[in-house]
Each structure stands twice: as structure tokens, then as C-alpha cells.
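Below: one structure, written as C-alpha cells.
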Amino acid sequence: MSPTPPLFSLPEARTRFTKSTREALNNKNIKPLLSTFSQVPGSENEKKCTLDQAFRGILEEEIINHSSCENVLAIISLAIGGVTEGICTASTPFVLLGDVLDCLPLDQCDTIFTFVEKNVATWKSNTFYSAGKNYLLRMCNDLLRRLSKSQNTVFCGRIQLFLARLFPLSEKSGLNLQSQFNLENVTVFNTNEQESTLGQKHTEDREEGMDVEEGEMGDEEAPTTCSIPIDYNLYRKFWSLQDYFRNPVQCYEKISWKTFLKYSEEVLAVFKSYKLDDTQASRKKMEELKTGGEHVYFAKFLTSEKLMDLQLSDSNFRRHILLQYLILFQYLKGQVKFKSSNYVLTDEQSLWIEDTTKSVYQLLSENPPDGERFSKMVEHILNTEENWNSWKNEGCPSFVKERTSDTKPTRIIRKRTAPEDFLGKGPTKKILMGNEELTRLWNLCPDNMEACKSETREHMPTLEEFFEEAIEQADPENMVENEYKAVNNSNYGWRALRLLARRSPHFFQPTNQQFKSLPEYLENMVIKLAKELPPPSEEIKTGEDEDEEDNDALLKENESPDVRRDKPVTGEQIEVFANKLGEQWKILAPYLEMKDSEIRQIECDSEDMKMRAKQLLVAWQDQEGVHATPENLINALNKSGLSDLAESLTNDNETNS
């Protein structure tokens, strides 16, 4: 008897994996871990789970001992190598990262996240992406909750950029499909007029609010005092607009819209009446370049009353406010899929938004520095944003187009048709004119002279039809004046003479009679014809009988099997007949005008006889087009000696009809 294999022991395996993991960390080599993994008895899943626990145990000890970030990152790097070698589960590195970021303070989390950013290519690989994308998203969201939006602005931005690099553009978790707003972004300002300091003189405001040291700002560099006095009402209305920018849905309410309209007109009037000088902005820009060009960005507006004068004198601040207007107007005018049906602008609101948009662009172009260029750039970006809105309204379809599966049989690529194939020498003996209707008309009668003599080409009217109107006018009871009679029309008289010469024996006048004028002659002929022609009732009855005969003939013609056979074969008929044809396809091929090269191509494409037969019929259908009818196929079968198949196809065709 062969010895039984040793059983898997979790404590023993975990001890061995822990020891080999520490050895691999010390040697900075994964070989000891691979060797232990191959020596430990048990299934692969059991060993992977045990090694995952060993990694988490070692990481826990390092965190408790307050080890450096380098030691922690070494463990995670070793786990990544283990996943690549197939000895760890794919989620192990992400679980370790989550444990580390949950336990370390924010300053050390910055170092750990730098490691995460550098390995974004690893996380996007096929081995890690599907297993770790949810871990990374949850880890980043937990980290964002711990960070302060005002104090850790840069760190928050790095996390958002990392997520943008990690996930594809069509990832649903980052698209805000329902167009929700960040209602938590509340702008706090002084709402108590009693506590306002704007009523004091400008000098007192400057002394209490800002102590300017000597040499900090000269008299020439100081902003000029606003020509429109800034009071508490302007301050309150200005900062109240931020609530509409935060939640644009308020603009669809009647009362809120009136408030927004009133506040906006006053604020924009201030911007129009107090325009900035380009020299001050240029001087400020030059000073920034001399000092290194460092630009400090604040995520929130400073709403102190003492800064109102300086803010209105700042070109960047004005650009922020005007840009908020343009973004708000674009949302109000745009088509948003999840916008309520009640959120519709009136014609008056739409007109005001259109006029105000032009005013805002004008203010942007007048705002230094490079106002004209900045205005055009903003307009271009907002126009491009319309494409993004349309894409979201369509449900964010993927930009990667998948190749459609082709289930149809491969069609044989044929060379250009030889002249004899369309000059009446094919199996159908038809001359192809290059157009379906022209081909049908040309082949109705092969002999052109016989076609010209056909009774169907007789377009000359009968005497009854042509002279019917003249006979009615000649009747005295109708009391038609001579000048209105048709016989007095020269054109009518010319055609009447030609018809009488062909159809009537009274055309030739006896030589002993005096020649009359054309109207008198026609009047005399009309009287003679009226006596010879049958009464109208008999004529109508005869016409009805002829119509009935024509209808019966038409019905019989429609019921003719020849007409039904003129229809081209369908794909279903080809599929059924190919199964019956089978191995005899090669006998039929020459009679379908197939060349030897095409027959060899069919033999090379498939080993299955039924598939070869199907390819033969498909190639014949492509070659003949609308002339690939069951009747032509039956003729080819009879010529090739396959009478049984021809009879079977005839019966199937009659049954389907």
C-alpha cells in the first residue's frame, strides 16, 4: 500500500508561512516563500488563505510596534509579488492597504497613498483590477471622510485624481448620473445687520480690519475706493447668490426666481459701473513672477465684510463669480435626463438668461488681464461641455465598440463576371441590362420587331372614343354653338383626319362632290358615324363585359405558378435544399456556371458536404441576384441529371406557395 499523504494543518502551515515571510522580507526576495508554498501539504486554496492570514498577522505586529512606513510598504510589495506568482489571492494587497490606512495617522497615510499612486499601472492590470477596484474605491472614500476639505485640499485632490486615473471614463460610480448637487457646500456670511461694520467710515474699517505695515503696499498700489458705496444690503445680496449657485433648482420656483433676478441685476450693475484697470492687474502679475509665481488657492470664499472692497477690486474674484453665472445658465437651459418635468423655463426667463449671458461674456472680456482671451476660452469649454451632457443623457454608452459576431456563412469572393454571363448565354438565357427593371422590360420579348408589332403597343383610339364628344355636340338637343364645337379646332381636325384615314371607309370623298371646308367635312362625318355606332347603353355594357374578362384573366395570371416561380430563393430554402443536395453538389456546380477555381475554393473552405452545398448555392445566389429563382435552379438540376432533386424542389415550391 502507498503511504497516505500528510493532512493539512492550519497552525503548522501558518507558522511556516510566517517564518518564510519574515525571511523573504529580510532577504528582499520571494524565493523562500515560493519554496515553503510548494512544500506545505494541502490544496492550493487552503495554502493561499493561510498565507493571506500570515501577511495580515505580520502587518498587525508592525503597526503595533509603530514601525516605519518603509517596513509596512515592503510587506505590501511582497504580497503583490505573491499574487503575481499565484500563491496569494488577488485581494490580499488591497486588504493590507485598507488595514494600514485605517490604523495610521493622516501624516503617514500621505506616504502610504503615494505608494498607491505610483502603482496605479499595477492596479489596472488584469490580475488586480477586477478583484481590487471595489477595495480601492472604498478605501479612498473612507480616507476622504477623515480629511478636512479646507485643510487637506491637496490630499483630497490627489485622491480624486487617482480615482480618475484608475477607473475608465464610463464608470458609473463617478458620473453623477442623477445630476445631484453638493448641497453641503454652504457659504456662511453675516446675516445680522446689527453686527455689520459696513456702516462705519472707510478709514475706521481699514484701521480695525487690516493693519497695513509700512512698505507692504504703497499708495499707488492700493486699490481705488469703489465708486458705488458698499453697504450691508449689497453685501447680503451678493453672498446670497451663492445659495442659488449651490442649488440651481431654486430658480424654477417663482418667488426664488424673482429674488435671484433682483439680486443679480444689482450685482452685475456694480461690475459694469466699477471696471478694473489693466495696469494694476499687470503690476500684481509681475510681482508674482518675481517672487516665484506661487499662487495660493482657497477652496471657500472669504465672506468677511472688511474684504468686500478688496474682493470687488480683484480680477480673479470677479472671474469666479461671472463663471458661476455661466455654469448656472447652462444648467437651466440644458436638457438633463433626470430633471423634473416641472422644471421648465418660461419665455420671459429664457429671454432674460440669453441677454444676461451676453452681458456676462462682455464683462469677462473687459476684465483684465487677457479678458478677451479668457472669455473665448470659457465659451469654448462650456460648448464642449454640451457633448458631455448629451453623453450622460444617453446613459453613458461605452466608447469602445465591440465587434459584432458574423453568423452568416462566408461568401466566396468572385472575380468580375465574364461578358458571356450577361449577354444571354447563361442558364437563364437572359440579357442583363444592369438594372432589375430594365432587364425585365428587355427580356419580355427577345425579338425587337415582334415586340413592336405586339397588340399591347396599339395606342390609337377607336372611332367611338375619339368622336364621342363631337357626336354629343352635334346633337341639336344639346344646343352647342358652332364656335365651341370640337370640329372647329384645327388641332382636333388634324388628328381626326388621321384617325378616319386608318379606321373609317367614309374618309375618301366621291370625286363628283364639291370639296368642303374641314369643319363642314368633319361635321358631315360625325353625323354618319353617329348613325353607324351602337347606342351608349350597348357600348357601356360591352365595356363592362370586357372589364370582367380582363379581371378574370388577371386573376388567372396571378394564380399562375410561373409567376410564383419568378421570386428569388430565400435563405431558408437554400438551407433546406443544401441538406438534400449534400455530396451531389459537385455534379450541379458546372450547370450553375461555376468555374473550376471556385469549386476548388469551396472544397478548401469546408470538409462538411452540406456546408459545401450551402456555399455553392450562396455563391450562385450572389452571382444571379434577382434571377436566382427556383425555376432556374430546377432547370439546372434537370440538365445535370438530378431529376429526383428537381422534382422534390418543385413539390416544395408549390407547397410553400
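The backbone N, Cα and C atoms fix where each Cβ goes, glycine too.
What you are looking at is a predicted structure, and each value in this text was computed from that prediction instead of being measured.
Per Swiss-Prot, the features are:
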type	residues	note
COMPBIAS	206-222	compositional bias 'Acidic residues'
CROSSLNK	LYS31	SUMO2 cross-link
CROSSLNK	LYS408	SUMO2 cross-link
CROSSLNK	LYS580	SUMO2 cross-link
CROSSLNK	LYS595	SUMO2 cross-link
CROSSLNK	LYS595	SUMO1 cross-link
MOD_RES	MET1	N-acetylmethionine
MOD_RES	SER2	phosphoserine
MOD_RES	LYS133	N6-acetyllysine
MOD_RES	LYS300	N6-acetyllysine
MOD_RES	SER537	phosphoserine
MOD_RES	SER560	phosphoserine
REGION	133-167	region 'Dock domain'
REGION	227-397	region 'Dock domain'
MOTIF	414-430	motif 'Nuclear localization signal'
Cβ packing number for LYS133 (N6-acetyllysine), 10 Å threshold: 17
Sort out the residues at least 6 away from either end of the region 'Dock domain' (133-167), same chain, that have Cβ-Cβ distances under 8 Å to it, and list them. 91, 94-95, 97-98, 101-102, 106, 109-110, 113, 116-117, 120, 123-124, 173-174, 297, 299-300
Surrounding CB atoms that lie within 10 Å of the CB of LYS595 (SUMO2 cross-link), all protein chains: 13
All-chain count of other Cβ atoms within 10 Å of LYS580 (SUMO2 cross-link): 15
Which whole number is the mean pLDDT over the motif 'Nuclear localization signal' (414-430)? 56
Which one is it: of the recorded positions LYS31, LYS133, LYS580, LYS595, whose Cα lies the shortest distance from the Cα of LYS300 (N6-acetyllysine)? LYS133
Per DSSP, LYS300 (N6-acetyllysine) is which: helix, strand or coil? coil
One finds that other Cβ atoms within 10 Å of the Cβ of LYS300 (N6-acetyllysine) number exactly 12
Using DSSP, break the region 'Dock domain' (133-167) down into helix, strand and coil residues and give each count. 28 helix, 0 strand, 7 coil
Cβ-Cβ distance under 8 Å, sequence separation of 6 or more, same chain as LYS31 (SUMO2 cross-link); the residues meeting this, in order, are ALA24
Expressed in Å to no decimal places, the gap between the Cα atoms of LYS595 (SUMO2 cross-link) and LYS580 (SUMO2 cross-link) is 22
Going by DSSP, give the three-state secondary structure for LYS595 (SUMO2 cross-link). coil
May I ask for the distance between LYS133 (N6-acetyllysine) and LYS580 (SUMO2 cross-link), taken between their Cα atoms and rounded to an integer number of Å? 55
